[in-house]
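J.: The structure is given below, and queries will be raised subsequently.
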Amino acid sequence: MQVKVFTLEKRVLQYRAAVSGLLVAFCSGLILGWTSPYLPTLLSEDSPISMTSDESSWVGTSYLLGGLCGSLLLSVVGRSIGRKTILLWSSVPFCTSWIVIAFANSLPVLLIGRIIGGICQGLAFATLPMYLSEVSDKEIRGLLCSSVSIALFLGVMVINMIGVYMTIQTSSLVCLIVPLLLFFTFVWMPESPNYLLMRGKHEEARQSLTALKGRDDADRNLDVLVKVIEEERLNKTNFLSMLEKNNRRKLLTLVGLRVTQQFSGITAFNIYTQTVFQEGADSISPLLGTVILYTIQIVFSVLSSLLVDKLGRRPLLITSTVGAICVLLVGGSFFLVRDVADLDTSHVSFLPALILIAFTFSYSLGLQAMPSFMASELFTTNLKPYACTVGDVMYYAFGAIVSKYFQVTKDNYGLYVPFWSFAICCSMGLVIIVMFMPETKNKTLEDIQAELNH
């Protein structure tokens, strides 16, 4: 018991840094989920900004395009600007985004606000897993990195709840509180020791490690990190280094994870959550369904974060993907029977809500969290900014494609087309995960590199 208490005391700053940094993910969730309560408002007769259904889809995807730009920006500045600096100053564009949205009086202005938020999210959200993986002990690394998705979808649920009762302007001004809180709490957190060593700041790295892990562990960890980073420095790297033989398996794993995650349809479901619940007639209100959905997503994400360092990454990911495939196939079959075969399904009108909830349950077990932080585990310190850029470019690009594809196919052919398409894509991703993804449970970042490079 004394050992556990002592270990917890040593990790207090690690947990504090994680809680403060997770406000970045919470801000991102607010922006991601904003469309769910407000798209129906913008398409209504009383809309403060008049727009068509096609124009409204760009409100949903504009932040994804901004995120794509932010991810590309990370590849340029990620090696020269510290992890802490990026996370800390992300609060400024987050605030700017909410102010622009609050006072937007036309579609172009609204899109600008969404794009600013997306750029900031693309830059900071990819940096957060890097930071958490580098400041945390191996025993809690999976827990802290998995918490990113919990904070993200907590933000999505909060904006869905307040969006029902507040106007666009009021909720946007309320959301300003979060990035301000991020700035005034994260300013006290230490910089990543890995980054400091990469920049040749050995004494600052020692101070950071001492604050994070105690003096004894700091000396031991510093020696290991210095050796690893010096070896990496001797091997000059650039963006194309990820295509080298010893990095191809890692890159293919990253691609497979992002394809499976995004082409499961999750971003489209988040953007059109209340729209999908409206497919269930009056069996459940869109607001209640949304709250239930995100409560399940958060609860099972917490469960996944607690299990990821015990059961491992691979078992949870495989189980999550297989479950998502099954639910998507069932959902596609239901919508085919209802919309194409034109059979009476009024006695099971609750099924769309149940299908979405079951999908969320499966998705939250592994696909939600792990693709977001595996790049920070699989790649070396000097390649992490490039790897996270590639991962996030795929996240936003695939998310934008999936969201637009969902809107077009549901309007022109019926919901069974996107559901079955997503099931096929998940099946392809599952093959890559099973064949190429390594298990990183309870291994230091240095151990993972040694194993993958042999």
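Heads up, residue numbers simply count up from 1 along the chain you see.
Each Cβ is built from the backbone N, Cα and C atoms, and glycine gets one as well.
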J.: Pick from 56-74, 379-397: which range does TrEMBL record as transmembrane segment?
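T.: In TrEMBL, the transmembrane segment feature sits at 56-74.
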J.: Residue list, the transmembrane segment (171-189) vs rest of chain: Cβ under 8 Å, 6 or more residues beyond ends.
T.: 13, 16-17, 20-21, 23-24, 26-27, 30, 84, 87-88, 90-92, 94-95, 98-99, 101-102, 155, 159, 162-163
J.: Six or more residues beyond either end and a Cβ under 8 Å away: which residues meet both conditions relative to the transmembrane segment (86-105)?
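T.: Counting only partners 6 or more residues beyond its ends, the transmembrane segment (86-105) has Cβ contacts under 8 Å with 21, 24, 27, 31, 34, 48-49, 74, 77-78, 112-114, 116-117, 119-120, 123-124, 127-128, 131, 168-169, 172-173, 175-176, 178-180, 182-183, 186-187.
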J.: Would you say the transmembrane segment (315-336) and the transmembrane segment (12-36) are touching, if the rule is that at least three C-beta pairs must lie under 8 angstroms and be 6 or more residues apart?
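T.: They are not in contact.
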J.: For the transmembrane segment (315-336), which recorded stretch in the set 111-131, 143-165, 251-272, 413-436 gives the largest number of Cβ pairs separated by under 8 Å?
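T.: Of the candidates 111-131, 143-165, 251-272, 413-436, 413-436 scores highest.
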J.: Sequence-remote contacts (6 or more beyond its ends) of the transmembrane segment (251-272), Cβ cut-off under 8 Å?
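T.: Those are 32-33, 35-36, 39, 60-61, 64, 156, 242-243, 317, 321, 324, 328, 356, 359-360, 363, 367-368, 370-371, 374-375, 378, 387, 390-391, 394-395, 398-399, 402-403, 405-407, 418-419, 421-422, 425-426, 428-433, 436-438, in sequence order.
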